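> Below you'll find the structure I mean.
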Amino acid sequence: MGPMTDAAKQEPAATASGDALLAADDAAWTMNEIRRRLAVEQSDETIKAREKRRHVSQKVREAREKLTSETGTRPAFDTELARLYAQNRYTAAYAIMALEIAVAVTMSLWLSLFTVSSWLAAVLVFHGLILWHVHRFLSPTAKPQPLRSWRQRFALAEFAHATTFAMVVPPLILVDNDSARIFLVFAMLLIVAIRTLLSASLPAVVYAGSLPITVAIAGFFLLMPDPALRMVAVIAPLSQIFFVLLGQRLFRTSLMTLQYRAEKDALIAELEQAKSNSDEARRRAEEANVAKSRFLATMSHELRTPLNAILGFSEVLKSEVFGAHINPTYKEYAGDIHASGEHLLTLINELLDLSRIEAGRYELNEEAISLVSIVDDCRHLLKLRAKNRGITIRDEFEHGMPLLWADERAIRQITLNLLSNAIKFTPQGGEIFMRAGATPNGGQFLSIRDTGPGIPEDEIPVVLSSFGQGTLAIKTAEQGAGLGLPIVQGLTDLHGGTFELKSKLREGTEVTVTFPAYRVVTALAPMGDEPEPLIRRSA
């Protein structure tokens, strides 16, 4: 090699030092990015493990609550059932009071005013006692007390109220009047039915509020000498059994309603938690997208800059600009360095293009282009490479087609990628068939078919994925990054077209890219002479 000046000797050293610093910065940034990604993945795993532990602990807590509960249900359900009873009682207070007064007025037809008044006063007093307990239970300012104590108070108050109600049974039975006895049975059964409906959420209160009335009717009617009246003593216990079964059914319905409500609340809480996790995941995805964009910008600048320097110096060495090499091997090495640099630059460009397509940031510079002209240019560009490999390219182009509204660079990249793949995977002496024309629905298509090794059907999804390659293709063809077809597929989707790959093992592969009809530029009808008016004006 010829002599070099001091400045020429120092320039490569400075460039190498700068490239080393840039490489060190890239390595440090890459390590930080890897640490951040690992931290994000560990954080996601921690969130999933925490959610699983929370779900298991919730199930264990519910089972423990059921085992320690006196009623066999969850304590929260016990409180809600007691509150349901209190609300029912408080809501129906005036209706029951009116019913008690109506019963007293009706009984005055057969009993003395003093007896009826005394009975009504006692009934209203205990009715007021029930309302007082209910009001205290529902009051938000009430002191917290054990739920068991409240249930006992409700049961005792209902028992006292029912016992007071049953005190009217002996006087009415002793009245020698069938109407009075019929009214007595009717009134008592009505009261028991109402108590069952209002107290169904607390089974113990149902028993306490109905048994005194049933026992009084059955006992006193059983002492009557008339056999017909004794039948009432049999009907009363049967009615009690019916109302108890009805109360149990209503209790199960109330409990099921509470369970559904709890499940709904839990589902809402899970949805809120899932929404929170989704928002967090979206935030992290946005951060990752920003990091990806920053990484792409860094890759574009920090990798292309030293790579261009390598390509430039290797081109100088390969071309022997400063003089012939002493050893011819150096020229061969420089050519290898230049070819490897060009391959690496192509790979970087493909990576950046694929990343922009996947991120939705690939901008199309659309214009009216001729599909056949671009495909023919790409064929001429790669014709020499195919000839060196002993491959024949046959074309069938439909000339005279309308222009296509598309991005010329993207269409050229689609054609070059497909044709390069076909040349790469076609063996020596094979053929490649290129077709371009119009589709029956008014669109346009590009088809490239080779006689290469083909792709197994189960490997087609792998080939269409990023960095994916078929096993047979790897064995029979030169290595590649596996980005050509994903880029073609992405650019086709950006144009609203369809991508179709057909392959048969050891026969070849055909790829067809179809562009929709709305991208075909239709020519406007030529402007003719202005038609004469139908009505002519007279001079």
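Glycine is treated like the rest: Cβ placed from N, Cα and C.
As annotated by TrEMBL, coiled coil applies to 257-291. Taken from TrEMBL, the feature compositional bias 'Basic and acidic residues' applies to 59-68. Per TrEMBL, the feature domain 'Histidine kinase' maps to 298-519. Marked as region 'Disordered' by TrEMBL: 49-72. Summarising the annotation, TrEMBL assigns transmembrane segment to 91-110, 116-134, 154-174, 180-198, 205-223, 229-251.
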> Using a Cβ cut-off under 8 Å, which residues of the same chain at least 6 positions beyond either end of the transmembrane segment (154-174) come close to it?
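Counting only partners 6 or more residues beyond its ends, the transmembrane segment (154-174) has Cβ contacts under 8 Å with 82, 85-86, 107, 110-111, 115, 119, 122-123, 126-127, 129-130, 133-134, 180-181, 183-184, 188, 191, 195, 199, 202, 204-205, 208-213, 215-217, 220-221, 224.
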> Quick one: average pLDDT across the coiled coil (257-291), no decimals.
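Overall, the coiled coil (257-291) comes to a mean pLDDT of 83.
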> Please give the sequence-distant neighbours of the transmembrane segment (116-134): residues at least 6 beyond its ends with Cβ less than 8 Å from one of its Cβ atoms.
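Same-chain contacts beyond the ends: 86, 89-90, 93, 96-97, 100-101, 104, 107-108, 150, 153-154, 157-158, 160-161, 164-165, 167-168.
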> Sequence-remote contacts (6 or more beyond its ends) of the transmembrane segment (91-110), Cβ cut-off under 8 Å?
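For the transmembrane segment (91-110), the nonlocal Cβ contacts are 116-117, 119-120, 123-124, 127, 131, 168, 172, 175, 177, 179-180, 183, 187, 190-191, 194, 198.
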